[in-house]
């Protein structure tokens, strides 16, 4: 029995370490999270970092639940949190921070400033946390940290804070902040993990600290930008959106692609009900209450984010049918009216393939084949193919 319990705890420790390194806590500042003992009934000794006291303290973990601020040993807690807490000091000089790959296991080539040698050097970043002595290119590192005539150059906030935010070409999902000089606010975006530019901050406070003094752009510049790069998002279908119906959202990207979709600040998750009708339009089939929210879009890799459009889903009214007396049947001779072919019920089926694949199947007339017709049922039905 004791061995089984120990094995279970060891498994939990492994899961907890993996969560910090590559799972749900990989992008979280676990050392700033409050103590959480979980919601089970065991009493397992764990260590957590007390941010106020700046030290690791013991707690009794219940065996399940809790957050990432939970370590199997005091040394594990101190190794991660004492270093990270010192790096996050507001007055910390990032050029003096040590190289840190972070606890994750991705392989991203980046640059750091090595103060003893006064040189920028390449290293492999794990993809999460670490410290801010981390640059995408050698040039960025040298501009920020390498002494010029014995002095390190200051960050040019007037330049950095006017850059458009860049998600970069990689596919990680790291929450960052960028400064939008046109509305004079710091806004959330999701960084892909590589490339991008310097208008990218780990916290909203850091963003405002550097950029709050930046004046807004002249109105003519705002108008010019809105016509050139800022996409516009809107709901295509007019009137209230009811549960069970189909609606579309379009992102006018002014010819810039790809379009990236967000819901309530997070990357939109696609599924059998939510698909891209084409490059700039989302289609929602059988609308659910959970589809409500604020949607935004980004065009390309270096565009501004659109303003949000709020989607409100109303519950469809339930209809009640009255029972009326059935009339007596009489025999009548009638001339049958010509049969009208109704448009197939599109909402009865969904596409398994992507929008691009299904459009290709339609163009090549393959919908009449059972295999292709069922694979792209919805698109084929919309184009009046019968099975």
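Positions of Cβ are set from backbone N, Cα and C atoms, glycine also.
Among the features that TrEMBL reports, domain 'BPTI/Kunitz inhibitor' is placed at 31-81 (among others). Averaged over the domain 'BPTI/Kunitz inhibitor' (31-81), the predicted model has a pLDDT of 88.
Summarising the annotation, TrEMBL assigns domain 'BPTI/Kunitz inhibitor' to 95-145 (among others).
Annotation source TrEMBL lists domain 'BPTI/Kunitz inhibitor' at 161-211 (among others).
What TrEMBL records for 231-312 is domain 'Ig-like'.
Residues or ranges marked as domain 'PLAC' by TrEMBL: 345-384. Below 8 angstroms of C-beta separation, residues 246, 272-273, 275-278, 285-286 of the same chain, each at least six residues beyond the ends of the domain 'PLAC' (345-384), sit close to that stretch.
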